[in-house]
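Q: I grabbed these lines from TrEMBL:
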REPEAT    147-179  repeat 'ANK'
REPEAT    181-213  repeat 'ANK'
REPEAT    215-247  repeat 'ANK'
REPEAT    249-281  repeat 'ANK'
REPEAT    283-304  repeat 'ANK'
REPEAT    318-350  repeat 'ANK'
REPEAT    352-384  repeat 'ANK'
REPEAT    592-624  repeat 'ANK'
REPEAT    621-653  repeat 'ANK'
REPEAT    655-687  repeat 'ANK'
REPEAT    689-721  repeat 'ANK'
REPEAT    723-755  repeat 'ANK'
Amino acid sequence: MAGSSSQAISIVSIAGDTVADINLSDPWFADHVGHLGESNSVTTISVSVLKKHLQDLIGIPYYTQQLCLDEEVDVVQDDFDIQPPAKFTLVRLPYVEDNSACERLRGAAGGGDAQDCVVPLEEAGHLEIVLLLHAAGADKDKVSLQDGLTPLFFASEAGHLEIVRLLVSAGADKDKATLQDDITPLFAASRAGHLEIVRLLVSAGADKDKATLQDDITPLFAASQAGHLEIVRSLVSAGADKDKATLQDGFTPLFFASEAGHLEIVRSLASAGADKNKAALQDGFTPLSAASQAGHVEIVRFLVFSVGADKDKATLQNGLTPLFFASEAGHLEIVRLLVSAGADKDKATLQDGHTPLFAASRAGHLEIVRFLVSAGADKDNATLQDGLTPLFRCVTGRPLGNRALPCFNREGVALACWSKEGANLEVVCLLGNTGSGRVSSFVKSRLLYVVFLRLLGRVSIAGDTVADVNLFDPWFADHVDLIGSPYYTQQLCLDEEVDVVQDDFDIQPPAKFTLVRLPYVEDNSASERLRGAAGGGDAQAVLRELLSPSHPDGGVDDVTTALCLASEAGHLEIVLLLHAAGADKDKVSLQDGLTPLFFASEAGHLEIVRLLVSAGADKDKATPPLYAASEAGHLEIVRFLVSAGADKDKATLQDGFTPLYTASQAGHLEIVRFLFSAGADKNKATLQHGCTPLFAASEAGHLEIVSFLVRAGADKDKATLQHGLTPLYIASEAGHLEIVRFLVSAGADKDNTTLQDGRLTPLFAASRA
């Protein structure tokens, strides 16, 4: 084409593709411009002329063309004079059929009366139509009558970035809010998670702290509550008020992020200087209180140890501390964390004088009660109004059995409570097992009598004193055996009488009894009943058998013990009863050599695992319980066993499978990570085949575990003993493409050959498969 590049006009699509390259030296322009009365020497043309030429050139109707100057959003009008060289973006507007609605749309677009079309069209996100309406002069700030929603609000909430950019550049009111809730476009975008729109609105000067009318919630608050980290960062860096709280409750962005569990947002706000101890207006809840009550361990850890949040700051009305909230809600790890950080274990509520231990006892959280007691919490701290202790509240809060269980208040007055089914036996026993004389009051309960396994004031038939027992004897806390006579061989008679007293007989000291020691006779039928009851979870039947002359272990060595059955089935109360009755916690079955701790670990019964370990069960006996938990994927049990000293590398006898190997094979990434961090041998291979954890993960197709082990330094080329198969070979054979790609990129030997089968390479394995 004749003419210079100085006369060129380039037309591109919205996507950036070239639509047409036009030069004013084209005779077409001379003909058409001349027809319009201008000279044949064309140096400038109007947009209307260019559109007509495009219609002839590429067949796009004149009225469906919209032109924008490159790098700009504003639409150029038809009378705009073009000075080449120039570049335009062509927006092709849709052609609509002739019906009433479309007639209105075309009329609005052509005549400048398009206001009624703006809101519904923008709601659909049609950029080209928005451009058309804007060019026609539609009111960019016109609101819907019912709720006051503007086009900018719709586009911001729906995430239509280009429409928002167009409206903002056209001067739309960035802070015009809805009528009912006073929600701004920035708030809507922040709540919905549209980062780029938030950035655009903020850079355009939108009010970062304008809050809603009803709840006084700011855009930063909305983003923090919804978990939109990048929006939080953007608003904070733009100067949004980090501590602006709601009017009614005084909740801050940090509070709601802590309550909702958004750790990274909590970190971002705190590092930006948000007040970590700012409490709510109505009840004085702090971010730490919110996280403690909700159970967000990592947020609690961050607030306490990284930024120094006040561990003991209590609520205004009731004086509830973070430790109280965590204890009441049953969040053991948070309780441990707060206590280790120095939180006041005995700080009581203002109104009732309830301590964290009282709250945990009332709720029946055994492990928290156990931990607080071991940490030195006051076991006998009584409430202000009623003088009730944690032990009493435990019994009344979660009833035990169907008997009246007496307890003492701080004045020593006997209090009785009738309980119902659903007892928290474990907490009662724990609180009663701390050296306090209150324990003795519980011997009236037949159930607790079985747990404590002894009666008071025993003497022999010959009249020689066997033992003198006081109600406040520390034995009841320590379970010390006075004479070594098993409870099921004891028969007691009141002195000078022949009648045997029953187990539910109430003893009023001082008292004197004659002890008759019954011979032990093995009863296999009774043992069968005991094992059946233990496995089936029938606590009452277990009690009956324990109170009869039946051996607690079931009496038959070659059959799985009752304790194994109860441990496997998860019957915690029965495990407690059997253990208290003297069952061998390390007894194994002859068939497979598995212990009660193995069964509980394999089945995922954490509380039973804790109980057995605390009772002294062998953590590494026979097939390791840690192996069982690792294979089954029970992370918390793995953590507990390792913390209790279980051997991280002890392997099974037959195959030599380690906990790390079996976790890698089964695909339990978090367990693999934990075992490695605890020092497990990442290259320890199985006995029979010499397979490593990396080999197992490669064969099974667990890419993330393969990646973790390699990055942790596992030997990428360690081969099996018999065949010399490497992780890369087995992954190639199994068809795990991503693992092969990763191992090769990590430097695994691509040409390592097998020991047998003609020294095959990974490539051969893949080709063959």
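For all residues, glycine too, the Cβ spot is worked out from N, Cα and C.
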Q: Quick one: DSSP breakdown of the repeat 'ANK' (655-687) into helix, strand and coil?
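A: Tallying H, G and I as helix, E and B as strand, the rest coil: 17 helix, 0 strand, 16 coil.
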Q: Any residues 6+ beyond the ends of the repeat 'ANK' (215-247) with a Cβ under 8 Å from its own?
A: 184, 186-187, 189-191, 193, 195, 198-199, 202, 208-209, 253-257, 260, 262, 264-265, 268-269, 272-275, 278, 280-281
Q: At a C-beta cut-off of under 8 Å, are there same-chain residues at least 6 beyond the repeat 'ANK' (318-350) that contact it? List them, or none.
A: 283, 286, 288-289, 291-295, 297, 300-301, 304-305, 311-312, 356-360, 362-363, 365, 367-368, 371-372, 375-378, 381, 384
Q: Express the predicted model's confidence over the repeat 'ANK' (592-624) as a mean pLDDT, rounded to an integer.
A: 89
Q: Tell me the residue counts in helix, strand and coil for the repeat 'ANK' (249-281), as DSSP assigns them.
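A: Secondary-structure composition of the repeat 'ANK' (249-281): 17 helix, 0 strand, 16 coil.
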